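Q: I have a structure here, written as structure tokens, and I will follow up with some questions on it.
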Amino acid sequence: MESQLMAANNTAETIVCYAPTMITTNGIWQGDNPLDYSLPLFILQLSLVVITTRLLVYILKPFRQPRVISEILGGVILGPSVLGRSKAFASTVFPLRSVMVLETMANMGLLYFLFLVGVEMDMSVIKRTGKKAIAIAIGGMILPFLIGLAFSFALHKESQSLNQGTFILFLGVALSVTAFPVLARVLAEIKLINTEIGRIAMSAALINDICAWILLALAITLAENESSSLATLWVLLSSITFVLICIYVVRPAILWMISSTPEGETISEYYICLILTGVMISGFITDAIGTHSVFGAFVFGLIIPNGPLGVTLIEKLEDFVSGLLLPIFFAMSGLKTDIGAINGATTWLVLILVIIIGFAGKVVGTLLASMLYEMPLLEGITLGFLMNSKGLVEMIVLNVGRDQKVLDDESFAMMVIVAVIMTAIIIPFVTAIYKAGEEVPALHTANNSEIETGFRV
């Protein structure tokens, strides 16, 4: 009898819920429903996400909204806040069994997009912009972080599994961060990217993003190792070691690849494949040591040298990653956002206060820093509005916070709304300020023939 029980247990341990026939269908003429199979279902989901996003881009184009707004709103529309309220739609198009495939593809797109962001960033711009951009970046982070600290006491609930300190860190980072890729596109949209103010804004956003990544890595470490300070220390040391290896081992290897390519010829496909594989390996390593996988991809992108290699990588990846894979990540954020979870007039009042005070805090902090360097008032206010650009990094922070149960559904939905509204109002406000300050020389194109914006390519 005992041997039979052991055999049964062994059998139970080897059961795998997978069948090749669950991936692709035999066709509707064989009586199959394509949506019962993972590949046709994923194709439908991806098509819906892209079509919804593109429609919203077209609708919001007259309002000159950045694409990130359309991508987040597309996910919200497909999610439980709008279409997902229909149980038939939710269970047919976005059933729970499909979430793992969607999340995996979303994170793969995120991995390569953050790599491209790293490739586009030019770290040397920090040296050229001097103390002004550093002061503006820090000034624009400290006050919103303190506001996040204050509001964390109103938003934190006893039911949330992690302590107040970790919650403060996540909320503070979410409010204080400036999204470098979103800001770049906002500046390009309003034709300020080649101005003095654009140069300062991009430099400050670059510094802000780097600080945000460090704080995010710390927040993830604390969230995952709440009970073990020793584990937290090992994660931090491992992350520092990873960065040093990238700088002193991987970067020289990439420089050798470039130098071994004959002048005038494009870098070989073999080397390109090695670099693209390196992105995944970097993501795997940082995920394994306890920080987010996108941290590894971002650092790997930062060490790519300036020049033709960066241009080649962007040309090969950008349309596919930004146009097809990245919208899945924002859609997944929207699918997790249930506006109905925000209950009560008091909660909505807190939400409005977070938006107003968080936005104002960023403007005031940036303005104070700019006044230290005797910048014109209009320029300081414009910088403050621009530094409120939200998007990718904040959504990563919020998604990690939700996955780690630092944020509940209500807090997550509130912060997604905060990100959308803060970013949506930037272009109208900055355009109005810019028109009002057309006579201010600082808002005009700088005299130097080539302005450094933080982009390499």
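The chain as shown is numbered from 1 upward.
Heads up, the Cβ atoms here are built off N, Cα and C, so glycines get one too.
From TrEMBL, here are the annotated features:
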DOMAIN    52-432  domain 'Cation/H+ exchanger transmembrane'
TRANSMEM  39-60  transmembrane segment
TRANSMEM  72-94  transmembrane segment
TRANSMEM  100-121  transmembrane segment
TRANSMEM  133-155  transmembrane segment
TRANSMEM  167-188  transmembrane segment
TRANSMEM  200-223  transmembrane segment
TRANSMEM  229-250  transmembrane segment
TRANSMEM  270-289  transmembrane segment
TRANSMEM  321-342  transmembrane segment
TRANSMEM  348-369  transmembrane segment
TRANSMEM  381-400  transmembrane segment
TRANSMEM  412-434  transmembrane segment
Q: Does the transmembrane segment (167-188) reach the transmembrane segment (381-400), going by 3 or more CB pairs under 8 Å (6 or more apart in sequence)?
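A: Between the transmembrane segment (381-400) and the transmembrane segment (167-188), which are separate recorded stretches, there is contact, as judged by 3 or more close Cβ pairs.
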Q: Looking at the stretches 39-60, 72-94, 348-369, which one shares the most CB pairs under 8 Å with the transmembrane segment (133-155)?
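A: Checked against 39-60, 72-94, 348-369; highest Cβ contact count belongs to 348-369.
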Q: Can you say which of 72-94, 100-121, 381-400, 412-434 has the most Cβ pairs under 8 Å with the transmembrane segment (270-289)?
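A: Comparing 72-94, 100-121, 381-400, 412-434: 100-121 has the most Cβ pairs near the transmembrane segment (270-289).
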Q: List, by number or range, the same-chain residues at least 6 past the transmembrane segment (100-121) whose CB is under 8 A from its CB atoms?
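A: For the transmembrane segment (100-121), the sequence-distant neighbours (Cβ-Cβ under 8 Å, at least 6 residues beyond its ends) are 38, 42, 45-46, 94, 180-181, 184, 206, 209, 276, 279-280, 283, 293-294, 297-304, 310, 313-314, 317-318, 321-322, 324-329, 331-332, 392, 396, 454-457.
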Q: May I ask for the residues of the chain that lie six or more residues beyond the transmembrane segment (412-434) and have a Cβ under 8 Å from a Cβ within it?
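A: Cβ under 8 Å, 6 or more out: 63-66, 68-69, 72-73, 76, 81, 155, 171, 174-175, 179, 182, 186, 189-190, 192, 333-334, 336-339, 341-342, 347, 350-351, 354-355, 358-359, 378, 381-382, 385-386, 388-391, 394-395, 398, 401-402, 443.
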Q: Which sequence-distant residues neighbour the transmembrane segment (39-60)? Criterion: at least 6 residues beyond either end, Cβ under 8 Å.
A: 23-25, 67, 69-71, 73-75, 77-78, 93-95, 98, 101-102, 105, 323-324, 327-328, 330-331
